[in-house]
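> The structure under discussion is supplied below as structure tokens; questions concerning it will follow.
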Amino acid sequence: MDAIRHTCLKLEVPTNAQPDERSSIFVKGTWNHHRFDLSITDGLHAWTCHATEDEVRLRAAQWDQKPSDYVALAERYLGFQQPGSIYGFADAGNGYKRLSWTFDKEGMKLEWRWKCQPASDNKTTTAEILNFLMDANIRLSEEVVRKTQSVERLKAESEKCLAQSEKICDEKVEFETAIYAKFLNVLNAKKAKLREYRDQLSKQTTTGSKLKQEEYSSDKTESFDDESDAEKN
């Protein structure tokens, strides 16, 4: 089964008495795949239009369209007011009205018109339109509340994540500082140990050089004494 869609559009249309003056009407649409129904009220009187599948098929054939495309285009202009479109709601005699709207196609401005008959019960039809608007307003208000609550939750989670991120960053800095301090202490200890080894090595080198010099001097003295004894002999 095709999904049924509902729309309600407020239009400012010229009045019959004074074309420069405008009056407000509400157009409620019920859209099927190949047909649609319209309920219209100005607050005091009401009208209806029932576009059957046969009528839609005939109109669509005149415009070289599929019935579904015809309904979709009508829904586009009667579900949401389109900029540049000229809407009208003129008398058609015997209490009937003719709802019209224009649209551009291939550089030409075209017009669609549907004849609307007086409602069998003005109060009931007007009440149905007002009830639909009230229900839609309630749904919209609830949706706004849900969206607001969702935004608040996202905001709270964002602030929580930011706080956690800042905490982790601070802990990282503290950890790196502590590690660096420990590393620095170890490095300084290693340097001190290396200096101690270097000093010890230096002392050992100096002591060894002195011993070698003393041994060299002793050997030289003994050689001199040996040469003197030889000369005496």
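Just so you know, glycine gets a Cβ as well, placed from its N, Cα and C.
If you look up TrEMBL, you'll see 211-223 marked as compositional bias 'Basic and acidic residues'. The annotation compositional bias 'Acidic residues' is assigned in TrEMBL to 224-233. Taken from TrEMBL, the feature domain 'XRCC4 N-terminal' covers 24-119. Per TrEMBL, the feature domain 'XRCC4 coiled-coil' maps to 129-196. Per TrEMBL, region 'Disordered' is recorded for 199-233.
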> Could you break down the residues of the domain 'XRCC4 coiled-coil' (129-196) into DSSP helix, strand and coil, giving a count for each?
68 helix, 0 strand, 0 coil
> Find the average pLDDT over the domain 'XRCC4 N-terminal' (24-119) in the predicted model and report it.
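A mean pLDDT of 94 is what the model gives the domain 'XRCC4 N-terminal' (24-119).
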> With DSSP as the yardstick, break the domain 'XRCC4 N-terminal' (24-119) down into helix, strand and coil residue counts.
23 helix, 48 strand, 25 coil
